[in-house]
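Q: Sharing the features that TrEMBL gives for it:
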type     : residues      : note
DOMAIN   : 68-108        : domain 'EGF-like'
DOMAIN   : 109-147       : domain 'EGF-like'
DOMAIN   : 148-187       : domain 'EGF-like'
DISULFID : CYS152-CYS162 : disulfide bond
DOMAIN   : 188-228       : domain 'EGF-like'
Amino acid sequence: MMCVNQNGGYLCIPRTNTLYRSPYRNPYLPAAASPLAPPLVASNFPSPPRPLICRFGYQMDENSHCVDIDECASDSHQCNPTQVCINTEGGYTCSCTEGYWLLEGQCLDIDECRYGYCQQLCANVPGSYSCTCNPGFLLNSDGRSCQDMDECTTENPCVQSCVNTYGSYLCRCEPGYELEEDGVNCNDMDECSISEFLCQHECVNQPGSYYCSCPPGYTLLDDSRTCQDIDECDTRNNTCTVEQTCLNIPGGHHCVDPVHCDEPYLQLNDNRCMCPVENPTCRDQPFTIVHRHMDILSNSRVPADIFQMQATSRYPGVYYIFQIKSGNEGREFYMRQTGPISATLVLTRPIKGPRDLTLDLEMVSVNTVVNFRGSSIIRLRIFVSPHSF
């Protein structure tokens, strides 16, 4: 027989086989011999049957074919318990599942969180990882990135206005409301308690706003805070008779009766009374009484000059003394002489209205040449308005 080497084995063929031409030289043939030599006489001994042999990693099946051995299925592999067996043609390989790497024969878990697989929050688990997002964000479909959640459109926790921010939200209140400490609810803001200068008279709070009101006798101006006096005398919205004189004061009006001069005075005109010098009873009485009226605001600032009194003429050797003869029991006024023939009535204390005061302002004339002393009275009626505006 002649030995012929094959891939993974060898063949023994008769030397008389002329159909096969081996590329290999048989080292056991003599140098002079040639595979093309004439055939020898065949031996009379019978040839034993040659067993078929499969190469390593294969086995014979029932059809005498060499098929691959699945070492992984037959548990004949040598992989570490932490490894995964993968069958190959004629053998097998040991590997690791996804999420593990092979290090010195062992499959170790890969910490994906160290490599920034997640955009925000990462939790490593054996063989894998899990991404989550911070409050106010939603996990995208890729399982890694996060997108801002618009709380104003999804849940809108605010009572009034909601403003979405990156990762959160802010609650806002409408004008006239203020945000509570919980950052969600809104309380009505009492604007009237913030400042006393919002309204000239009275501030009325209402939900989300306020308005100013005026007392009777006033009307609210276009600025919605200032009160303007209504002149009842001009609009004829008063209760005065034809004989009376209508006197408008801030917030109302007064009906002033006609001047009536008591004996021994004679009436010279609508507001002047005179005591004749030829009448003996007039010697100790003021020569004239002039009736005047005016109004002042309640709680006016002091000191304040409110009325001026002056002599109509000046004679040689005559000097004048001005004083409050009556009506100043509360010491709210005093006379300040401003010149030889004039003086001013000064308000020294605030007067709260409404009040009706009558002062007799006396001008005393003294003549040192003829030793004469006389006086004149201005009877001043002062109406104090009920308000300070």
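Even glycines carry a Cβ here, placed using N, Cα and C.
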Q: Across the domain 'EGF-like' (68-108), what does the mean pLDDT come to, as a whole number?
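A: Across the domain 'EGF-like' (68-108), the average pLDDT comes out at 84.
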Q: So for CYS162 (disulfide bond), how many other CB atoms are inside 10 Å of its CB?
A: 18
Q: Using a 10 Å radius around its CB, how many other CB atoms surround CYS152 (disulfide bond)?
A: 17
Q: Six or more residues beyond either end and a Cβ under 8 Å away: which residues meet both conditions relative to the domain 'EGF-like' (68-108)?
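A: Apart from its flanks, the domain 'EGF-like' (68-108) reaches 55-59, 126-129.
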Q: Under 8 Å between C-beta atoms and at least six residues away from its ends: which parts of the chain pack against the domain 'EGF-like' (188-228)?
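A: Hits for the domain 'EGF-like' (188-228): 174-178, 250-252, 386-387, 389.
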